[in-house]
Amino acid sequence: MVLGKPQTDPTLEWFLSHCHIHKYPSKSTLIHQGEKAETLYYIVKGSVAVLIKDEEGKEMILSYLNQGDFIGELGLFEEGQERSAWVRAKTACEVAEISYKKFRQLIQVNPDILMRLSSQMARRLQVTSEKVGNLAFLDVTGRIAQTLLNLAKQPDAMTHPDGMQIKITRQEIGQIVGCSRETVGRILKMLEDQNLISAHGKTIVVYGTR
């Protein structure tokens, strides 16, 4: 849930006035898995990928977060927590950062900020539940199709005469659904043959999704 634009949301303006604003280039790392959690982040502009790595360094993308989303909120509720995932800039980002200690002080003054954060956490829990269900009940073709539909709803998806256009590599799709890049390529070709999508390099048009 996007909190709103700074010029039209007094609560957001007030919150951001207590934060430090930092800019991150695309593909830079905002949060390292395993580091001590002491800071809450809020995406002012841009989007990020939340991911985990196994012992061999293989990555799995858990989610994408966009403008108006909080990051790193779990450590807010229990001291001594370590970051459970990596967060990497998907695009160039402008991010507001505030210590947990200062955030706790702010919500004493304006509890609405905490309500907004809680609403986001509830929505993410619902998305996670749906993803677990997809892993359990959908085959890899279904998971890829569902992923494309979800990506077509992201803020950085672009309108296209035939649907919605997204930019994503086969490797990234594989990291989301848990399969190889080669498998993704075969399934995208199959979806193309069924006239459900068109795929050219990183550009995919998902038909009929506007």
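Each residue, glycine too, has its Cβ placed from N, Cα and C.
Taken verbatim from Swiss-Prot:
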- 53-59: region 'Activating region 3 (AR3)' (REGION)
- G57, K58, E59, M60, I61, L62, S63, G72, E73, L74, R83, S84, T128, S129: 3',5'-cyclic AMP 1 binding site (BINDING)
- E97: site 'Activating region 2 (AR2)' (SITE)
- K101: N6-acetyllysine (MOD_RES)
- K102: site 'Activating region 2 (AR2)' (SITE)
- A136, F137, Q171, E172, I173, G174, Q175, I176, V177, G178, C179, S180, R181: 3',5'-cyclic AMP 2 binding site (BINDING)
- 138-210: domain 'HTH crp-type' (DOMAIN)
- 154-163: region 'Activating region 1 (AR1)' (REGION)
- 180-186: DNA-binding region (DNA_BIND)
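Taking Cβ-Cβ distances under 8 Å and a sequence gap of 6 or more within the same chain, the neighbours of Q175 (3',5'-cyclic AMP 2 binding site) are L51, E59, M60, I61. Summed and averaged per residue, pLDDT over the region 'Activating region 3 (AR3)' (53-59) gives 85. Here A136 (3',5'-cyclic AMP 2 binding site) is compared against the recorded positions G57, E73, E97, K101, K102, and the shortest C-alpha distance is to G57.
Among the recorded positions listed here, namely E73, E97, K101, E73 has its C-alpha nearest to that of Q171 (3',5'-cyclic AMP 2 binding site). In this structure, the CA atom of T128 (3',5'-cyclic AMP 1 binding site) is 13 Å away from the CA atom of V177 (3',5'-cyclic AMP 2 binding site). Of all the recorded positions in the list S63, R83, E97, K101, the shortest Cα-Cα distance to I173 (3',5'-cyclic AMP 2 binding site) is found for S63. Between the farthest pair of Cα atoms in the 3',5'-cyclic AMP 2 binding residues (A136, F137, Q171, E172, I173, G174, Q175, I176, V177, G178, C179, S180, R181), the distance is 22 Å.
Counting only the Cα atoms, the space from the residue listed as 'N6-acetyllysine' to C179 (3',5'-cyclic AMP 2 binding site) is about 40 angstrom. DSSP states for the DNA-binding region (180-186), grouped as helix (H, G, I), strand (E, B) and coil, give 6 helix, 0 strand, 1 coil. Looking at C179 (3',5'-cyclic AMP 2 binding site) and S63 (3',5'-cyclic AMP 1 binding site), their Cα atoms lie 16 Å from each other. Sorting the recorded positions E59, E73, E97 by the number of other Cβ atoms within 10 Å puts E73 first.
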